[in-house]
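One structure is given here, and the rest of the page talks about it.
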């Protein structure tokens with residue numbers, strides 16, 4: 001097959017990311033019903049979610065190094081094959097003749113290698129100029145929004161019409177198709193020849209070289225940005241992890257109403273990350289956008305501390321989505337610019353591990369805060385944490401740190 005042009009590879013990468021995220025949210029939409037069918041209580045379901053988060057957390061940085069060393073084709077193919085294995089085990093767990101609970105927990109194991117979004121980010125980073133990078137990475141938000149909307153919609157509709165196995169079977173077929181497209185259409189590597197030939201003078205580092213991963217994280221231009229990403233986004237991440245419970249208990253929403261709210265969230269994410277951030281990045285420096293996301297986080301936190309109905313939350317949601325999208329896109333762009341082109345995959349793998357970290361801590365820490373203090377505590381924590389981060393960014397700008405590091 002003839003090699004695709006650069007723009008064709010970028011478009012294919014967006015399509016592959018949208019397919020994988022749609023399948024992922026199809027899985028999320030049926031997982032609570034499947035676990036209930038298999039007799040799992042809420043505690044066991046929490047263990048299932050935590051297992052998924054821990055495996056993604058551990059696998060992210062290692063997968064990033066694999067992508068740097070083996071190339072985009074191998075990384076995307078491996079991610080889709082791992083996803084296919086997960087959905088196949090999920091299909092098997094639906095069968096009454098098989099040990100469903102064991103297979104359901106076993107289906108979490110391949111998730112350690114399911115990192116299509118970081119692999120797609122690496123491809124986009126390698127194929128775009130630094131000035132174009134925020135807008136190009138922002139367009140992946142369209143893929144995420146498509147995944148939320150169509151994945152949730154297809155999962156619920158197919159589950160109701162054809163049974164709980166149907167979404168898992170469809171996801172298995174689609175991810176197999178994604179693996180075939182990755183293997184046949186994506187180039188072996190998207191990095192420049194000079195970057196590929198750089199490590200030939202010495203021994204090739206191992207994919208599991210934790211020292212190299214740690215060294216990358218501790219670079220002077222990397223660690224401050226990474227800490228801002230983790231600390232600023234953690235309070236809202238805890239709220240979103242607990243949102244399914246909050247929507248039932250605090251907002252008193254039915255399942256269908258909660259689905260509409262998530263669709264609204266997905267549409268906002270598509271619009272803001274796909275259309276707004278790219279335009280803002282051409283007019284404002286990245287550090288100004290980062291400060292604005294932290295400031296809006298603080299304002300939204302104040303609103304969350306005072307809200308009493310779902311209508312109030314709907315008014316706050318655009319600000320929340322803007323902050324989340326801007327924080328993720330801008331920090332990813334800054335982190336990839338802070339490392340050499342040969343390390344972008346590892347860096348994006350580290351960055352992608354932030355969300356699994358929140359998913360791992362969220363059920364325990366978020367549940368404790370919610371039971372002890374109620375919904376307003378999430379707003380108070382978000383307000384105080386982001387005001388502190390904003391103060392630090394104001395006193396010690398990241399650009400000054402970068403200049404000193406050079």
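The backbone N, Cα and C atoms fix where each Cβ goes, and this holds for glycine too.
The feature transmembrane segment is assigned by Swiss-Prot to 8-28 (among others).
Remote same-chain partners of the transmembrane segment (43-63), defined as residues 6 or more beyond its termini with a Cβ less than 8 Å from a stretch Cβ, comprise 31-32, 35, 75, 78-79, 104-105, 108-109, 111-115, 118-119, 207-208, 213, 346, 349-350, 352-353, 355-360, 362-364. What Swiss-Prot lists as transmembrane segment is 43-63 (among others).
Taken from Swiss-Prot, the feature transmembrane segment covers 85-105 (among others), and the record attributes it to sequence analysis.
The transmembrane segment annotation in Swiss-Prot covers 140-160 (among others). Within the chain, the transmembrane segment (140-160) has long-range Cβ neighbours (under 8 A, six or more residues past its boundaries) at 14, 17-18, 20-30, 33, 117, 120-121, 124, 166-167, 170, 259, 262-263, 265-274, 277, 325, 329.
Sequence-distant contacts of the transmembrane segment (168-188) (same chain, at least 6 residues past either end, Cβ-Cβ under 8 Å): 1, 3-4, 9, 12-13, 16, 19-20, 22-23, 26-27, 30, 71-74, 76-77, 79-81, 83-84, 87-88, 90-91, 94, 116, 123, 154, 158. Swiss-Prot lists 168-188 (among others) with the feature transmembrane segment, giving sequence analysis as the kind of evidence.
Beyond its flanks by at least six residues, the transmembrane segment (226-246) meets 217, 258, 290, 293-294, 297, 300-301, 304, 320, 323-324, 327-328, 331, 335, 350-351, 354-355, 357-359, 361-363, 365-367, 369-370, 375, 378, 381-382, 385-386, 389, 393, 398 of its own chain at Cβ-Cβ distances under 8 Å. Here Swiss-Prot flags 226-246 (among others) as transmembrane segment.
Summarising the annotation, Swiss-Prot assigns transmembrane segment to 258-278 (among others) and lists sequence analysis as the type of evidence.
The transmembrane segment feature in Swiss-Prot is assigned to 295-315 (among others). Same-chain neighbours of the transmembrane segment (295-315): 232, 235-236, 239, 247, 251, 253, 261, 264, 322-323, 326-327, 375-376, 378-387, 390, counting only residues six or more beyond its ends whose CB sits under 8 Å from a CB of the stretch.
Positions annotated as transmembrane segment by Swiss-Prot, on the basis of sequence analysis: 316-336 (among others).
Look at Swiss-Prot and you will find 374-394 (among others) tagged as transmembrane segment. Only residues 6 or more beyond the boundaries of the transmembrane segment (374-394), in the same chain, are considered here, and those with a CB under 8 A from a CB of the stretch are 228, 231-232, 234-236, 238-239, 242, 246, 250, 287, 290-291, 294-295, 297-298, 300-307, 366.
Proximity of distant same-chain residues to the transmembrane segment (258-278), defined by a Cβ-Cβ separation under 8 Å and at least 6 residues beyond the stretch ends, is recorded for 134-136, 138-142, 144-149, 152-153, 156, 244, 247-248, 289, 310, 314, 317-318, 321-322, 324-326, 329-330.
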